[in-house]
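Comments concern the structure below.
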Amino acid sequence: MRTTRRPIHAVSTWVRRQPPKVKAFLAVITGMAALVLLRVIVHDHDNLFVAAEAVHSIGISVLIYKLMKEKTCAGLSLKSQELTAMFLAVRLYCSFVMEYDIHTLLDLATLATTLWVIYMIRFKLKSSYMEDKDNFLIYYVVIPCAALALLIHPSTSHLFVNRVFWAFCVYLEAVSVLPQLRVMQNTKIVEPFTAHYVFALGVARFLSCAHWVLQVLDSRGHLLVALGHGLWPSMVLISEIVQTFILADFCYYYVKSVFGGQLVMRLPSGVV
């Protein structure tokens with residue numbers, strides 16, 4: 001095992017010593033390589049979106065296991081869960097009135113479990129909730145997302161309010177994890193179950209982003225035209241990419257900790 005860790009440690013040490021521009025370049029190269037690999041392995045790229053939902057559900061299941069087994073919600077952000085429930089509820093409404101499909105059922109199940117997590121944090125495990133660490137102000141993201149949705153939204157034939165709601169849930173999903181990252185930034189130590197949950201979110205966001213990017217490539221840009229005109233098609237892709245890169249740094253340290261045999265993650269300053 002020691003011989004396996006040495007090259008990994010050497011690579012991680014080399015990456016950590018590189019300037020920000022080199023790290024960004026390496027991240028882009030790694031992302032492109034992963035996209036190429038997925039394009040070769042996964043023939044039906046719609047399966048990537050289903051896989052993203054499935055991984056998100058696995059993350060929620062890990063969270064539920066933590067709450068039921070350890071009887072504590074320490075390290076979890078209630079605000080992040082509330083933002084998640086908010087965009088899921090809006091997206092569920094949009095699914096019912098605009099495009100009812102299998103994703104509607106997946107969103108319904110995820111919303112139900114997220115509401116249960118919120119209930120546990122607010123009432124059953126309130127004594128262990130780290131309210132002083134969960135100090136991200138929700139309206140810093142909700143108000144800008146709502147304003148952006150009013151300005152940039154789909155140009156389909158649906159009702160104006162439904163198109164705005166659709167855009168709002170896309171933008172809010174991209175930044176819903178920020179309060180959880182703030183909690184981890186404040187504590188600097190992330191226990192295993194919370195780390196597994198956030199890593200699952202990162203994988204789910206990457207798969208969702210890969211789904212959209214590969215769909216655009218396969219359709220040779222026609223998908224962007226189908227989404228509408230103006231800035232909306234570009235904003236959909238940007239939102240997917242943003243939510244992936246928000247968690248990229250954490251996922252790097254998560255993988256490093258797992259290969260290093262560390263059960264508890266210790267984050268350097270400025271990671272999240």
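Note: Cβ is positioned from N, Cα and C throughout, glycine not excepted.
Please treat TrEMBL annotations as automatic predictions, because they have not gone through curation.
Per TrEMBL, the features are as follows:
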TRANSMEM  24-42  transmembrane segment
TRANSMEM  104-123  transmembrane segment
TRANSMEM  135-152  transmembrane segment
TRANSMEM  164-181  transmembrane segment
TRANSMEM  193-214  transmembrane segment
TRANSMEM  234-255  transmembrane segment
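Note: the stretches the transmembrane segment (135-152) and the transmembrane segment (104-123) are not in contact (fewer than 3 CB pairs below 8 A, sequence gap of 6 or more). Remote same-chain partners of the transmembrane segment (104-123), defined as residues 6 or more beyond its termini with a Cβ less than 8 Å from a stretch Cβ, comprise 50, 53, 56-57, 60-61, 63-64, 67, 73, 76, 78, 81-82, 84-85, 88-89, 91-92, 95-96, 129.
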